[in-house]
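Asker: Marked as domain 'FAD/NAD(P)-binding' by TrEMBL: 5-318. Positions annotated as disulfide bond by TrEMBL: Cys42-Cys47. Under the heading FAD binding site, TrEMBL lists Lys51, Asp303. Here TrEMBL flags Gly173, Gly174, Gly175, Tyr176, Ile177, Gly178, Ile179, Glu180, Gly262 as NAD(+) binding site. For 339-444, the entry in TrEMBL reads domain 'Pyridine nucleotide-disulphide oxidoreductase dimerisation'. Among the features that TrEMBL reports, active site, proton acceptor is placed at His436.
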Amino acid sequence: MSYNFDLFIIGAGPGGIAAAKQAANYGKRVAIAEQEAIGGTCVNRGCVPKKLIVYAADIALQDKIAPSYGWSECQRHFNWSKFIAKVYQHVESIQKSYLETLQKNGVELIRQRATFIDPHTVEIGNRKITADKILIAVGGHPNKPDIPGIEHAITSREMFQLQQLPQKLAIVGGGYIGIEFASMMNAFGVEVTLMDTNELILDGFDNDIRSSVQKGLIQRGIQFLSKTTVKEIKQSTQGLQLTLSGDTEETITADTILVATGRVPNTKHLGLENAGVELGEKGAIQVDDYNRTTQDNIFAVGDCISRVPLTPVARTEGEAVAKTAFGDNPQQINYDYVTSAVFARPEAATVGMTEEEAREKYNAVQCYQTEFEPLLYSIVEQKEPTTMKLVVDSPTDRVLGAHMVGERAADIIQSLAVAIRKGITKEDFDATIGIHPTTGEEFLTLD
Ligand SMILES: Cc1cc2nc3c(=O)[nH]c(=O)nc-3n(C[C@H](O)[C@H](O)[C@H](O)COP(=O)(O)OP(=O)(O)OC[C@H]3O[C@@H](n4cnc5c(N)ncnc54)[C@H](O)[C@@H]3O)c2cc1C
Ligand SMILES: NC(=O)c1ccc[n+]([C@@H]2O[C@H](COP(=O)([O-])OP(=O)(O)OC[C@H]3O[C@@H](n4cnc5c(N)ncnc54)[C@H](O)[C@@H]3O)[C@@H](O)[C@H]2O)c1
C-alpha cells in the first residue's frame, strides 16, 4: 500500500522536530502537524522565555550585592512589558529558524490540529493524510486542581502573558515551575507565598538539595507554607482570597494565583481509540522501550508519555524513534543519567541517584557532602551557602549521583554528568586537579 508520507508527526515541539529532522536525513517523506506555534512548550511557553526571565531577575539580584562590590547605589526601574516584548521577539526568531530547518529538510509543516481516523490515517482540517508510520509528540498542559474558584487562578502559560508584574503572588505547588517562578518574581520585588502539600519542595530531588533550596528561598523572603493546599478561591474587594487547608488553615489574599501542580498529557480528543493506541497511568500514552505504542506503526515521545518530561529527553526520544523506524539499529534510551536543573536562586541541579534511591538499591552507600559560603558572597552581607553532594557505592567507589545547590549548579552538574555516566570513581574526583578559584573545584576535595 502506498502512503502520502513515510512519517507523519503530530506536534512540532522538541520531540516532534527532532524526529522530523532525523527521518528527513534518512531521505524519508515527512510531514508534521502543529496546532499552535512551532517549537512547542519549550520555545513558546517554557524553557526559553523562562530562562530569559531568570536572566532579567538575576540583574535585580546583582544590583542588591553591587554596593558591597563598590558600586554606588542606583535606582533602576524594570519595565516588564518592554522586556517581555523583547522575549517574544527572540521566541519568534527561534520559530523562524525552526521553520527554515524544516523547509531545508523537505519536511511539510501543516499548521492545524491532527486527529486519528485509523492507524495509518489522520484528519487535519478537511484533509485526510495517510502515513506508514505516525509519531505522537503532542506534549502536555498544566493540571488545575478541581476546587471552587479555580478559574481565578492562572498557570505557567499565562504567567508569560502577564500585562504587568503582580504585587502579591500566591503559588500552589513547589515543583520545578512553582519554585522557578517564586524565585524570579521574588527577585523583581513581588511578595510571594508558596504552598505545597509536601513538607519539602522539589519532590524527587535528593532530600538535602530540597531542604537547601527551601532554606535559600525562605532566606530571600519567600513565605513557604508546607503541608498546605488551597481549598477555595474567591474574588473579594481586597483581591483574590485563598482559603487554605492542611498545616496552615487560614485565609490569605493575593492579586495573582499561579497553580503549578504538575502537567497532564495532551491525549484527549486525539482519536487514539480509532488507532488502537492505549493509555496508561494518568492519561499518558503507553510505550515500550523503543517508544512504540500498543499499535505497531505508531510511536510516542516526550511529555505525552510522562516518562521524563524535559526538553533534551523529548529530543533524544524523537531522534531515537526515527532511528528505530528507519535506521539499521533500533534505539533504546538509558534514562539513568538524565541531568536536570531548577533555575531558581539558589539554583539546584542533579544527575544520577539521590541518596534515598541509592540506599534502596545498594548495601553500602557513602555520601560526601559540603556546605560553604562561595567567594562571591564573602564580602556581601547577604549570605547564600552552596551545597554539594556525591553519592558513592562504597565497595566499588563508583559515583552514583551528584547534586548541587548554588551558583552555576546547572553548568557544573552538566559537565560532571559526562564522567559520572562513564562510571567515574570518587578517587577519580580526588585525583583531578581543579581550577582555582571556582565553585566547581570543591567537588574535587569532598571528604
Ligand atoms: C514553564 C515551563 C518551563 C520549563 N522549563 C524547562 C527547562 O528549563 N528545561 C527543560 O528541559 N524542560 C523544561 N520544561 C519542559 C519542556 O518544555 C517539555 O518537556 C518539552 O517541551 C516537551 O516536548 P514535547 O515535544 O514532548 O512537547 P511540547 O513541547 O509540549 O510540544 C507539543 C506540541 O504538540 C502540539 N499539539 C498537541 N496536540 C496536537 C494535535 N492534535 N495536532 C497538532 N499539534 C498538536 C502542541 O501545540 C505543541 O506545540 C518546561 C516546561 C514548562 C511548562
Ligand atoms: N527546569 C526545568 O527543567 C523545568 C522547569 C519547569 C518545568 N519542568 C517540567 O515540567 C513538569 C511540571 O512541572 P510542575 O512544577 O507543574 O510539576 P511538578 O510535578 O514538578 O511539581 C508539582 C508540585 O505540586 C505539588 N502539588 C500537587 N498538588 C498540589 C495541591 N493540590 N496543592 C499544593 N501542592 C500540590 C506537588 O507536591 C509537587 O511538589 C516538571 O515535572 C518538569 O519535568 C522542568
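Each residue, glycine too, has its Cβ placed from N, Cα and C.
The structure displayed is predicted, hence computed values, not measured ones.
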Asker: Tell me which of the binding-site residues Gly173, Gly175, Gly262 sits in the most Cβ-dense spot, judged by other Cβ atoms within 10 Å.
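Answerer: Within the set of binding-site residues, the most crowded position is Gly173.
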Asker: Across all chains shown, how many C-beta atoms besides its own are within 10 angstroms of the C-beta of Cys47 (disulfide bond)?
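Answerer: Around the Cβ of Cys47 (disulfide bond), 17 other Cβ atoms lie within 10 Å.
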Asker: Once the chains shown are all counted, how many other Cβ atoms turn up within 10 Å of the Cβ of Lys51 (FAD binding site)?
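Answerer: Taking all protein chains shown, Lys51 (FAD binding site) has 13 Cβ neighbours within 10 Å.
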Asker: To the nearest whole angstrom, what is the C-alpha distance linking Gly175 (NAD(+) binding site) and Cys47 (disulfide bond)?
Answerer: 15
Asker: Measure from each Cβ of the recorded positions Cys42, Cys47, Gly173, Gly175, Ile179, His436 to the atoms of ligand 1 and list the residues where some distance is under 6 Å.
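Answerer: What lies within reach of ligand 1, judged by Cβ under 6 Å, is Cys42, Cys47.
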Asker: Which recorded positions, if any, among Cys42, Lys51, Ile177, Ile179, Gly262 have a Cβ under 6 Å from ligand 2, given in order along the chain?
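Answerer: Cβ < 6 Å from ligand 2, in sequence order: Ile177, Gly262.
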Asker: How many Å separate the Cα atoms of Cys42 (disulfide bond) and Lys51 (FAD binding site)?
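Answerer: Lys51 (FAD binding site) has its Cα 10 Å from the Cα of Cys42 (disulfide bond).
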Asker: How big is the Cα-to-Cα gap, in Å, between Lys51 (FAD binding site) and Gly262 (NAD(+) binding site)?
Answerer: 19
Asker: Across the domain 'Pyridine nucleotide-disulphide oxidoreductase dimerisation' (339-444), what are the DSSP residue counts per state (helix, strand, coil)?
Answerer: 34 helix, 33 strand, 39 coil
Asker: For Ile177 (NAD(+) binding site), what is the secondary structure state per DSSP, taken as helix, strand or coil?
Answerer: helix
Asker: What are the non-local neighbours of Asp303 (FAD binding site), defined as same-chain residues 6+ apart in sequence with CB under 8 A from its CB?
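Answerer: Correct list: Gly13, Gly15, Thr41, Gly139, Gly140, Arg263, Pro265, Asn266, Pro309, Ala314.
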